[in-house]
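Participant: Pulled from TrEMBL, these are the listed features:
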type: COMPBIAS; residues: 365-378; note: compositional bias 'Basic and acidic residues'
type: REGION; residues: 355-378; note: region 'Disordered'
type: TRANSMEM; residues: 42-64; note: transmembrane segment
type: TRANSMEM; residues: 84-102; note: transmembrane segment
type: TRANSMEM; residues: 108-126; note: transmembrane segment
type: TRANSMEM; residues: 192-211; note: transmembrane segment
type: TRANSMEM; residues: 218-245; note: transmembrane segment
type: TRANSMEM; residues: 265-286; note: transmembrane segment
type: TRANSMEM; residues: 298-321; note: transmembrane segment
type: TRANSMEM; residues: 327-345; note: transmembrane segment
Amino acid sequence: MAETEQAPDPSAVLDALNATDSNGTEALNATVKFVASPEGTALAYGGLVFMALLPIFFGALRSVTCSKSKNASDMPETITGRDAARFPIIASCTLFGLYLFFKVFSQEYINMLLSVYFFGLGVLALSHTMSPLMSRIFPESFSNKQYQLLFTQGSEESREEIVNYEFDTKNLICLIISTVVGVWYLVKKHWIANNLFGLAFALNGVELLHLNNVSTGCILLGGLFVYDVFWVFGTNVMVTVARSFEAPIKLVFPQDLLERGLDASNFAMLGLGDIVIPGIFIALLLRFDVSLKKNSRMYFYSSFLAYIFGLGLTIFVMHTFKHAQPALLYLVPSCVGFPVVVALLKGELTEMFRYEETPPEDTDSEVKEDSETEKKDQ
């Protein structure tokens with residue numbers, strides 16, 4: 001969901017001017033909010049679009065590598081048709097629960113707990129995002145030592161592993177940098193720190209959440225299409241939670257950046273769900289392109305361009321009507337419709353809907369090796 005803080009109504013400004021007395025300046029400043037310039041508004045919307053495209057593009061590329069990973073800890077989470085059908089219901093219950101929490105309890109204490117929670121998640125997500133880049137920056141001669149964090153319970157005969165985390169020096173450096181960003185976010189709540197965590201969450205979501213087939217993607221996007229439209233147009237729940245929730249679950253960009261610099265405070269925003277949900281569908285189409293082995297990325301590029309079109313349409317309608325818009329209302333038809341049209345033109349619609357995510361080859365080989373070992377032991 002993209003939304004923006006609204007400029008004041010001109011009549012309200014006139015009323016404030018007419019109502020000023022000896023303390024008229026203070027009264028006016030309390031009433032009038034900053035009016036974004038056309039340049040500032042265009043920069044903010046352009047910044048949001050650019051930031052939204054980054055995690056989708058790079059997350060989709062990394063999802064291809066992730067699906068071929070031989071490391072069990074890096075295996076993606078697969079969303080099935082049943083999961084996709086239940087997701088809008090779970091999301092609705094969660095959203096309404098947060099709305100009630102903000103109505104009943106103090107917003108300050110809730111956001112304090114959420115900030116600490118997302119601090120931990122954000123540090124891990126940003127560290128995971130930086131790891132491939134860090135591997136390229138350091139030369140091969142760099143002494144990259146290996147470490148293992150192991151927690152067990154029980155005696156030697158019945159020992160059970162609780163935590164078994166392996167990492168190296170490069171991962172440790174990523175973790176330190178991410179922790180610095182996390183502390184910056186906790187202390188200042190700065191919009192740049194918020195966006196760094198938000199981009200990391202979105203990229204990890206696109207990379208690690210995999211749809212098992214195109215039909216599941218259509219079910220998920222269709223259900224969330226209804227979810228987004230209902231909670232934005234049918235109630236004020238979505239907008240209230242988005243404005244009250246102080247956590248890096250949205251990307252923000254200031255409309256007054258040109259006037260106030262990094263201390264800007266009048267933000268346009270885009271929820272991470274409007275990036276991750278279409279993003280995992282676009283990533284699925286990229287993996288489908290790879291499975292065709294035709295050296296073509298037609299479905300990926302068509303869906304990626306469809307996302308740009310849908311997000312641009314969202315911003316245009318929002319700016320025209322001065323009201324928060326359910327971005328999935330425009331993104332879902334675009335991201336699903338464009339690739340389907342391409343598949344119809346190429347005669348590959350049936351093949352696209354028959355495509356299934358298969359487990360990595362190493363998983364099958366490990367199962368075979370285990371069965372052969374058991375046979376030899378017998």
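Quick reminder: no glycine exception, Cβ is built from N, Cα and C everywhere.
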Participant: Given a Cβ distance threshold of under 8 angstroms, which distant residues of the chain, six or more beyond its ends, lie next to the transmembrane segment (84-102)?
Facilitator: 110, 211, 216-217, 219-220, 223-224, 226-227, 231, 237-238, 240-241, 244-245
Participant: Can you see whether the transmembrane segment (192-211) and the transmembrane segment (298-321) are touching - at least 3 CB pairs under 8 angstroms, only pairs 6 or more apart in sequence?
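Facilitator: They are not in contact.
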Participant: Short question: most Cβ pairs under 8 Å with the transmembrane segment (108-126), which of 42-64, 218-245, 298-321, 327-345?
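Facilitator: Stretch with maximum Cβ contacts: 218-245.
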